[in-house]
Each structure stands twice: as C-alpha cells, then as structure tokens.
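As structure tokens, the structure follows; a few thoughts come after it.
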Ligand SMILES: [Zn+2]
C-alpha cells in the first residue's frame, strides 16, 4: 500500500524537505508522519530502529510548524526535517541502549550535546538506530537486538557499527542520520549502503553524551543520502562544546559552502592523492574497478591526480586494535550493575558486589565486547604496556606524520572506503580478524584525528552492490573533502544516469 | 585483637633497626566545584544531591578540569619548593570498586604537576628536619559507602552497602614524600610534625579546610625497618585511616614495634594495607588481595595535557602568602625573641594566638605575657590546649586595653579574664557585671581619703610631721573601703595632697 | 610469543570482572591468540625515539571556571539504580578494601 505522496516525501533530500517545510508547502508534521509510516511499513524487514519515538517526533514537528506559522524564521536550515539517531547518543527520557543488554531499559537523565543541538535546530528525532554493541563491529551482527538488514540485499549486512543509521537512509526511513565513527563506523556502513557518511575532524563535533568506546578515536558525524545534506547536518551538530575538553574551539569549517561550490562540478587546481597502500590483496576487483573509475572522473573534473605512499598505514590496523580495545576496557568498566543498567545475581545476601559485577558483565556483554575488553586489559597490563599500547601510540604518531607529509603534496587523499562490498550476514561472525578487515582503509584517519568521508562511487560490477569512495582531508579542513565529494557526486550521477540511491530495490511495505 | 600482636620494646627496635617512613597525604581542595564537573563540594549534603552525569559516571558524560584546582595544585607545589611540570597529563587508574563511579580514578601517574620539593619541619626541641617531597599530583575523591548489617558497621560482615556519590569527584591533591630516613627514634615525631607543618602550610595557602576529622586531610603512613646501618629498605606496610596528628605518631610507633617483633622473631613483613584503630592505638591487617594490583594506567584520553606557562607559574608564585616558616622567622624578629623563647611559644601553641592578639591592638610584650603566663596556667589547670580556652585573642586584647587605659588593674584584669573563661560574656560585660572598674571618680576618692584621715587622726599627724611612709595605712584603708578597685598610686597622691592642704 | 594461555585469559577475565564460562575460556584463548599475533605487527616498526600520541588534537590547558552548574536531582540520580535504600545506591556486600 505505497502512497505516492508520502513516497515522494520520503524519497526527497533533506535540503528539499527543509525548503518546502520552511515555505510551508508541506508541514513538518506531514513530513514526520510520512517517515513514521514508512518506518512502520519497512522496518520490520530492515530492523534499522531499536526505538521509534513517534510521540516525541510529532511533538517536535508540531513545534516547528507552530513557530513557522507565527512568522518566526526557521531555527536552522534543517528545522522540521526528520532524523535517525544512533543509539549511542544519550537522549533524555528516551531509551539509549548502545545495542547492549547492559543498558536495556535505561532512560538517560540528560541529552548528549549532539542531541541538544539537533533539538535546538528543530531537527525531528524519529528514534534510535541499531548498532553493533557499544559500536564494536562492522556489521550490526553484534547488536543484542538482532541484525539490521541491508536494503540493497537483505541477506547482507548494512555495515557497522552504525548499520542502523545508514540502512534507515537507504530504506528511505529517514533523510538524515547521525552515526559515530571510531574506526570506520560511519563511513563503512555508508559505503555498503550507497549513502554518504562523514567522520569530521576529531574534536569537530562534541562527544559529550556519546557513550564512549574509544575516547581518543570516537567522533560523531552526519549521514545522509547527498553530500549537501550531510554538510547541512554537519553545521548543525558541529562546533565547540565546553563540556568536551577535546572539542576544538574554532568555527566549523564552511562545509555547506564547500558542498555548494563542489556541486558546480569544477575541481581545477585541486590535488587529489591516491594512497598506494589501499589496493592489492584482500580488495574485491569490482571495488577497485569502481574506485579507478571514480579517480578517472575526478581527473575529468580537473583534479590533478598524484600517487602518494603512506608506508605506516600498513600498521594502522594493529595500532587500532590495541588502542581501541585498551580505551574500551577502561570506558566500559563503568557498566558494573551498581548505579544503572543490568544487575544479575544479586540474591540479597550471599553474593558479593564483586561477584554481582562479574556475573552482570558476563551476562550483559556480547562476545565481541568481551574479546575487546580482554585484549585491552592485556595490552595495558604491566609487562605488556610498552610492547602493545605504548608501541601502538608511537605507530599512531608515524601514521599522523605520513598524513602530514602527504598533505604537503595534495589537498585530499582518496581510497576505496572498504575492501569489499557488503558481505553476507553470518559470513564473518566467527572470524573476528576477517571482520576487522572491513575497516582497513578507514582506520588511519581515526588514528590521526583527520577528517574523512565516504561518498558512493557506484555499484560493483560483479555483485551489483554499492561501493564507497573515501575522501580524506587534514584536520580542520573538512570543507575540502566536501567540495571534492560534491563535485564527484554530480559527475557520478551524470555518468551513471541519476542518483545511485534511486537504484535501491523496492522494499515490500507491510501495512 | 591487638593483644595477640607481639610488640618489641621501642628502644630495642631502635637498637637493631632504622625506621624508614613514607607519608602520603590526601588533601581535599576547598574549591566551589568538583575536579571535573560543576557539582558543589560542600560537606554533609543530603545523599546523592551533589551529583551530575559526569561524577556519577553515567555513560557518555565527560570530564572538564577545574582551573582553580590546577591553580591550587601549582600553589601547593610552589609552597613545597617543588618543580612545576611544563607539560603533564592525567591518567586513568583502573580498578573496580563500588565507590568509584567509573571504575577508574582520574589521577596523574608518571607526570605529576609538581615534583622534587621539600618541607622543613620544626620538631619540639626546635630542631629542623627536612622532609623531601617526591611529588604532588591532582586526582579525584571517591564516593562514600555505608556498610549495613554488620555487627560493627564496618565492611566485614556487612550484608550490603549504601553508596552516596556526593564526595565522588571532589578535587584531591596527593602529596607524597620521598623515603624519610635518618629520623631514628624521632620517626613518629617527625611523621606527626610533618603532617602538622603541611596542615599549617595548606591553611596558610587557603586551599583546603584541612579538617582531619572530616577527612579533608588524610594521611597514609608507610613504615618499614632496615637493619641498623644498612642501606636496603625493608618491606613496608601502608597504614590507612590515620585521622589525627596524634594517630600519625602512634601508628608509626606501633608499626615500628610490631615490625621489630616480627623481624626479630625471624619472620618477614608482608607488604599490605593496615588499618589504624584509634581506640586501641594498634594497626590491623586488611583483607589480603588475591592478585597483585595492576592498575593499567594510561593517559586519560578525555582530558588534554596541562601545560602551565612559566608566566602563569610565576604569577601564582606571586600570590603565595607569607608561609608559616617565613612568618615564624619574621615574628621572632619583630617580637625580639631568643630561639628558646620562640620555641616555648611554638610548643605552647601560642604564636597564632599572640599574633592575633597583637593584630587586635595589643603590644606583643603584653600579649605574650598574658598567653604564656596566666592563660597558659588556666589551660594547664583545665587540661586543655591553649587554643581551646574559651577566650579569643580579641577579648584578650580588650582586657589589655582596659589595663593600659587604667580602667583595670592587673589584678582586676585577671578577674575579668576569669569571667570571660567562665562564660560570663565579653570583657566589658564581665567588668560591668562584676563591678570591676577602678574607682577613678576623683571626688569619691577624695571623700574616702578624708574619711580615712578623719578616722585615723594620729596617722594624719605623722604624715604631716613628715613621715610620708605612714601614708600606707591610709591608702590601705581607702583601698579597703573601695574594695580594691582604686588605683593605689593615685590614692597615695591624694592622701599627701589632703594632708598638706 | 602472542599465544595466550587459558590461565592468562582467566586472569584477564578476573581483572576485567567477567565471569566467563569454561567454554569461553577455550574460545577466547584461541581467538585472543590470533588477534594478538596480528596486532603484534606494530612491534615491527622501529619507533624507538618516536613520541607516543595519546590525543588526536593538539590542545592543552582546557579548563573550566570554578562555578557551580546545576546537576541532577536526587530523584534523577537514583532513577536508574537497580536498588535504592535511604536515598543511596544499594549494592551487595563489598569484599575488598577501599583503595
Ligand atoms: Zn558532578
């Protein structure tokens, strides 16, 4: 029972919806309701949402409509536009589980800064999206609440950890979403769902209220179906936050202007570096072919293409799987059954607090979280610290230096976002290392704290699944990658006969 | 329990061993807000009313450093003659414990903000002992647990515990000494004097309430013994819960005797945490840990490094008040005291009282005389410290003023002081209520003199005849008539005047 | 070298407060061994005098003014507690000593 009016709404971009809402051609409530209907229709199949807050969303939409009706200017360029929020950002009074049993039923008493900025901007939060437990994973298979399915092929993973956010975009359940990216959790799901995913410069978006996985790597960012939409959302959530000590006290780079400039389709004078390390063994041929075609398009847009070697990127994976688990072993220590969340084994007398902690953590965490906690505990323990954590931090320095050297020669770097297209559900669950390979290309930018994004480059010729082009830029130069991505997006659509996202198979809508 | 512990005679311990001390003092800063969040630090609030997502360790919450706490840490470091780090980081100390909301303590590890200093400590005999400071670093306090259902209210045997996180995140400075060697028999005294000197210093800096009874200054005492003349430290124990100056001294002394007995008996000391029991004056072993602690320290990724500029450090150095030892030196000079006199004042705990009395307008000589003679006697009679006497320096200064202006004689002044000590109010109120005023009304005095002369005509005659010393009898009679409240010297003048008129 | 024994896994689980099952000990021992072997590659980089990077942003001295900010009410603070008594978080008996 697909409804042409609401289909037309849900297939619009955020920029288009905002414009129509602000011109009062359509109300925020209608737009919100269309998306809630779509979620009700397709999400039983996709499982992108862990919690849908219909009441809250409609109330927020009504407030936007009321403000516009009284003649007020829109609170932001995205006022009235719906959004799907990754379930790792706290929402006051609305469940926040991080995809874990540990936090089942937890109602945070406070909003994350990102949540607060969205609300203040009049963005309508539809609900909370599925994810790998505590953002650890590349497939959402580590969610305690079931896997999210890829709208392009429901037997395949939507990427992770933010698979719910990206799948909600590809399933037209929301025009905008928020993800968080520690090693690729925004970009890799973006790549495998044919959507745009941006990891801003570390410190560019506040981490206050983002439930920490690896504090020195975590970064929240925008997810959307177009580069411009991502840029609009970036400017709403970005900027200095005194509640986050690692937040950069500088204006948000002019990403919207850059996206608009890029859309003109001219990249003359822009130097694009192709990282030679990201090719070869482990890369799916169709992914590499799509990447090569993308580089060719960039050259046709006037960009100067340069090959760049970043030798220490080969060690990025090792450094990441020491640093992230180390920080996670400490960050997740607070889930101990004392103050909030799950408590298992409290019989009122016999079992001690220590035993209840251990039983609860055993019951509340899934296997991947436990693995990483133990790896991290090991890497930080005396006798191993220097060889593991200490050495990983030095490698981190070397990777940052590789980037710095590269950015002396080029303005942006490009690579495939992921070595392969979406793999099948269940294919890698028993092989942690194979799973980790999904983040091979995305990890270096996290280690260096630089900006990086994934923009769809096309479909892989061997399986017809989306491929992502990763565009990376120096810290605080996020605008550069938006310009390049926006230019590429226009050229791609021209070359491929329309927006890639329109080629997502129709989903059966259950009434 | 303590009866079961073998103790070695203290002198025997010293004949065989040299004690080595290490003192770790935790100071709660008196900032308005906690170390990493904006919650108030007030003591004694309703449970869990001074908390926020950050200090409750809620998922997603982040810390932000209290700049005032860093400032206090630097000032403490400077006052302790420390180097101030040009660049240092916070670190996470990971351990699970229910009073620790995040199950890690945000602290500093190998990069303390202040290091390599010293504190000169004056002992009772006036000798100075230098205690070297290893480091002073910033960290956060834990919540408080209440153990329910146990026989003693202590942790052992409790059925469950109740947690209040109001204290969680209150800024702490931990000050750690280098090993204190060479104190010998005076080790317990040095320990006490060190904590006392540190307390005075922190009070002068106005960075903490330094209330040992409320836990805003807490001392852990590490004690070990090494064979006399040796240079390899023995295994140490760490005694916690030492909540008064006297306890510091007793705990160190007890541990020396206990360890001496163990070692002399061929045993070995177990590295462990011990608890000091105020009532018995003994220490007892805590629960053994199954595994050795591995705190897995690593740099706190949620906080950026602290890099105090040299300009800032010098600016803070400029804000240091006169430090206790500088003040003592100045006071000794200003009051013109010998070393021995100064030491007596210090030992009597009179310096601050005298200084405050001088501050209130008295001369230093008068103030000193009052505090170390009459008031010290009264304190000794009551078995109290001088500072505990229920009379303030301002009140003492007022009494001195009344004497200087001739309102009171010294004898009357002592009665006025007695009245204040008895709780009869301010000196002026006591003087009024007890009718202590010197009779300075000249006409009343003249009448009394006339009356006395009339009553003793023979004496009057003698005086007229030149026997001036006979006036004493008339003065005596007048003093008696005025109940001693007249100025005898003036009476004498009036008598001579009356006779020669 | 990175192979990790069952006992070491048990020790890590104890440190991390995870009451793992006997079966998990076996699985984790083999998985952690493989992962550690893979990440040990970082040791191949000659990084002797390279300074470690602990933070991705070159910031220092981020301080907050010493001003009280509204926090949570007692009710909000205790709302998610598994057990409450006398307005405090009620927890099972604590065995270890305070640190
Ligand atoms: Zn707080």
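Here the Cβ of each residue, glycine as well, is placed from N, Cα and C on the backbone.
Lifted from TrEMBL, the feature list:
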type     : residues : note
ACT_SITE : A:86     : active site, charge relay system
ACT_SITE : A:161    : active site, charge relay system
ACT_SITE : A:185    : active site, acyl-ester intermediate
DOMAIN   : A:30-480 : domain 'Amidase'
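You'll find the Cα of residue A:185 (active site, acyl-ester intermediate) roughly 5 Å from the Cα of residue A:161 (active site, charge relay system). A gap of 10 Å separates the Cα atoms of residue A:161 (active site, charge relay system) and residue A:86 (active site, charge relay system). Comparing Cβ neighbour counts within 10 Å across the active-site residues A:86, A:161, A:185, the minimum falls on A:86. When pLDDT values are averaged over the domain 'Amidase' (A:30-480), the model yields 97.
Under the DSSP three-state reduction, residue A:86 (active site, charge relay system) is assigned to strand.
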